[in-house]
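According to TrEMBL, the protein has these features:
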- N8, E48, D197, N199: Mg(2+) binding site (BINDING)
- 5-212: domain 'Endonuclease/exonuclease/phosphatase' (DOMAIN)
- N199: site 'Transition state stabilizer' (SITE)
Amino acid sequence: MLRMVSWNINGIRSPLQGMVYEEPSNCAAMAMGRILDKLDADIVCLQETKVTRDVLTEPLAIIEGYNSYFSFSRNRSGYSGVATFCKDSATPMAAEEGLSGLLATHNGDVGCYGNMDEFTQEELRALDSEGRALLTQHKIRTWEGKEKTLTLINVYCPHADAGKPERLSFKMRFYRLLQIRAEALLAAGSHVIILGDLNTAHRPIDHWDAVNLVRLFQPANQCWILGPRVASFMEKQSLV
């Protein structure tokens, strides 16, 4: 059984500062390793890492006993970003950055993109330019002893600012792309788990500040997360 943890870390370097200060003899790699070990998970999915490739240091990326995968914002420094850390015992057989396939390296592909004709190439590039999605694919064994494929999609969905209607449009298009990709993987026979920061609360109980949930309970957000296509996808995954 795989244990997975999702955490919006709000800057991957932030929690390390206190740990390195408490034990100055430890390097950042040891501090990051301690955090991962304390989480006690086979797979740790982080969102809002806020690092770009040029500032990601080796001690943060290479942790003994883990394989790490990162997606970075191409346009802004210190913004967005996701990372997935997998224990050696849960090493994926494939990994891919982004949802559109435009960032795929083709030598470690996950594939299965579905019909994306409703998007322009420019739009797909924009949706994948902020470092918001990572896919890892794993072999799992069911209770019946059958070997199956599991695709894990680590996402940091966009925030929609009430004063910027174009960001709400961007967010809904990201949701749509995520849905198309997940359904294509499901149709190809893979189990699919989407986890991370969806930036939309399903119910008031899903948020710490239920009194002030106006931005998370926007009608468009709710229509997506409660829509029949999403509900159908969840039923197929036995999640509802």
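A Cβ is built for glycine as well, from the same backbone N, Cα and C atoms used for every other residue.
With the fewest other Cβ atoms inside 10 Å of its Cβ, the least crowded of the binding-site residues N8, N199 in this structure is N8. Around E48 (Mg(2+) binding site), the same-chain residues six or more apart in sequence whose CB sits under 8 Å from its CB are N8, I9, N10, G11, S80, G81, V82, Y156, D197, listed in sequence order.
Within 8 Å of the centroid of the Cβ atoms of N8, E48, D197, N199, where the record puts Mg(2+), the same chain has further Cβ atoms from Q47, Y156, C157, H159, G196. Take the CB of D197 (Mg(2+) binding site) and look out to 10 A: across all protein chains shown you find 21 other CB atoms.
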